[in-house]
Amino acid sequence: APKELQVSYAHKSSELVIGGDECDINEHPFLAFLYSRGNFCGLTLINQEWVLTAAHCDRRFMPIYLGIHTLSVPNDDEVIRYPKDNFICPNNNIIDEKDKDIMLIRLNRPVKNSEHIAPISLPSNLPSVGSVCRVMGWGSITAPNDTFPDVPHCANINLFNDTVCHGAYKRFPVKSRTLCAGVLQGGKDKCMGDSGGPLICNGPFHGILFWGDDPCALPRKPALYTKGFEYPPWIQSIIAKNTTETCPP
């Protein structure tokens, strides 16, 4: 990865993993990294040519790094790709502007499976409340002051009932298209720079990080994830070149 990836600052539009540990280098072959002019996000590889992230991670210039672990020391199989096509779920309701925060990106060239690159499966069912899920990313590992690591951090968090997020964020309309996850006592959370990254529950990808409180990792302040289970028909239709497919209602 180029030197400019060793950033010490990112805008508050991105989110982090606090309270976790360095991910095992072999546990995240599907995890990709987007770095663009001080902003960075996580992405998830779902097949050789397509990745998922949050719609709010969209930028004009979007280099996507795959097969990456240590930002300052490239893996032999690390590659860079750029978006060929981007697809989002349009949502014109300002009140629900964070609803449907998902973007499907076609890479400019396919990637090959390798030691550090492999896709993850889409969900075929909903994870149950109480599930232990895994979050990961290169986001800040401290709060409220940010510290950005050279390696991705991973943490185990719990999946909660939607009412927990309703109670935590009264001003925020938690919809059925979101998953609510965190650690109620605090201390573990996603954070600055983790936006767009995956929520992994029992094997498959189940969510895309799109919103959390600032500062991160406070007690009783879980984060919100776009619910992956709602989107496979939309994703598969677009991949099959039915680009007029409408999003879930």
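Yeah, the Cβs are placed from backbone N, Cα and C, and that goes for glycine too.
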*Swiss-Prot annotation, disulfide partner of CYS180 among CYS165, CYS201*: CYS165
*In Swiss-Prot, CYS201 sits in a disulfide bond; tell me which of CYS89, CYS133, CYS154 is on the other end.*
CYS133
*What does DSSP say about CYS154 (disulfide bond): helix, strand or coil?*
strand
*asked:* Distance check, please: Cα of CYS154 (disulfide bond) against Cα of ASP101 (active site, charge relay system), rounded to an integer number of angstrom.
replied: 22
_Going by Cα-Cα distance, which of the recorded positions (HIS56, ASN161, CYS165, ASN242, CYS247) sits nearest to SER195 (active site, charge relay system)?_
HIS56
*Could you say which of the disulfide-bonded residues CYS41, CYS89 has its Cβ with the most other Cβ atoms inside 10 Å?*
CYS41
